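Enquirer: The structure follows.
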Amino acid sequence: MTYTKYSASGNDFVIFHTFIKKDYSKEAIELCNRTEGIGADGLIVLVPNEKADFEWLFYNSDGSDASMCGNGTRACAHYAFKNGLAPNSMQFLTGAGLIKSIVEEDIVETQLTAPLVIKDEFEQDGFTWYLVDTGVPHLVTIVDNLEDYDHDLCAKMRYEHNANVNFAKIENGVIKVRTYERGVEGETLACGTGMAACFLRANNLNLVSNKTFVYPKSDEELTLSLVDNTIYFKGAVKNVFTTTR
Ligand SMILES: N[C@H](CCC[C@H](N)C(=O)O)C(=O)O
């Protein structure tokens with residue numbers, strides 16, 4: 001089997017395509033293992049689909065499946081286009097519904113699914129939280145200092161709310177984000193749906209405009225924009241290497 005390793009702003013994935021649609025949780029754990037496998041935050045498997053260019057199966061590195069992955073859609077779309085599996089403007093089926101992505105060289109823009117606010121605002125453990133589903137559930141708190149990010153608190157909030165956890169700081173109209181990712185069970189270098197959740201919260205509070213830059217832990221530059229309640233997420237992806245096992 002041939003596997004390709006992608007990095008999307010530091011959020012990294014192993015990607016392959018097959019005709020066989022089955023549960024790949026076990027393969028996800030093996031392939032994402034950073035000491036004995038290729039190493040990645042997630043596994044993406046492309047399988048044929050009659051109603052879209054393809055369907056994807058997404059797994060976190062712990063083998064859990066997730067309905068959506070913003071950075072994963074950007075890497076997957078680039079992979080699909082470069083492997084002749086889809087045109088540069090494509091739509092594919094995910095657990096969160098149809099996703100549209102456009103590939104232009106190494107820049108990919110994804111139209112995320114319609115956001116759904118689960119809890120608008122609540123206090124817990126000294127922070128003000130916002131809980132929103134941007135394809136997967138995300139807790140967001142806006143802080144003055146990203147050093148407030150605390151692994152143990154994130155783990156507690158992750159399990160209590162079954163959501164990813166984001167700390168965001170607004171600086172001169174742009175957003176800096178740190179994310180604890182469910183299914184990785186730790187901080188990742190970027191989380192697309194997490195950046196989208198932070199952007200939505202900051203935009204709702206009139207702290208950023210309808211189009212702004214967002215910088216995750218990797219400090220790569222992503223563009224988030226909101227048009228008619230639809231979030232667009234754009235940035236570079238990197239095909240790191242391809243290997244066969
Ligand atoms: N860990 C997430 C899925 C991946 C989301 C993230 N990698 C992104 O780019 O959106 C979850 O289980 O909810």
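Positions of Cβ are set from backbone N, Cα and C atoms, glycine also.
TrEMBL annotations: computationally assigned, not manually curated.
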Enquirer: In TrEMBL, ASN11, GLY70, ASN71, ASN164, GLU181, ARG182, GLY192, THR193 are given as binding substrate, so which of ASN60, ASN172 is in that site too?
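Expert: Record source TrEMBL; matching candidate: ASN60.
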Enquirer: I need the CA-to-CA distance for CYS69 (active site) versus THR193 (substrate binding site), whole Å please.
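Expert: Answer for this pair: 6 Å between alpha carbons.
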Enquirer: What does DSSP call ARG182 (substrate binding site) in the simple three-state scheme?
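Expert: Coil, per DSSP.
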Enquirer: Quick one: Cα separation, ASN11 (substrate binding site) versus CYS191 (active site, proton acceptor), in Å?
Expert: 7
Enquirer: Any idea what the Cα distance is from GLY70 (substrate binding site) over to CYS191 (active site, proton acceptor), rounded to a whole Å?
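Expert: About 7 Å separate the Cα atoms of these two residues.
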Enquirer: Test of understanding: give the count of other CB atoms lying within 10 angstroms of the CB of ASN164 (substrate binding site).
Expert: 26
Enquirer: Please state how far apart, in Å and to a whole number, the two most distant Cα atoms are among ASN11, ASN60, GLY70, ASN71, ASN164, GLU181, ARG182, GLY192, THR193, the recorded substrate-binding residues.
Expert: 15
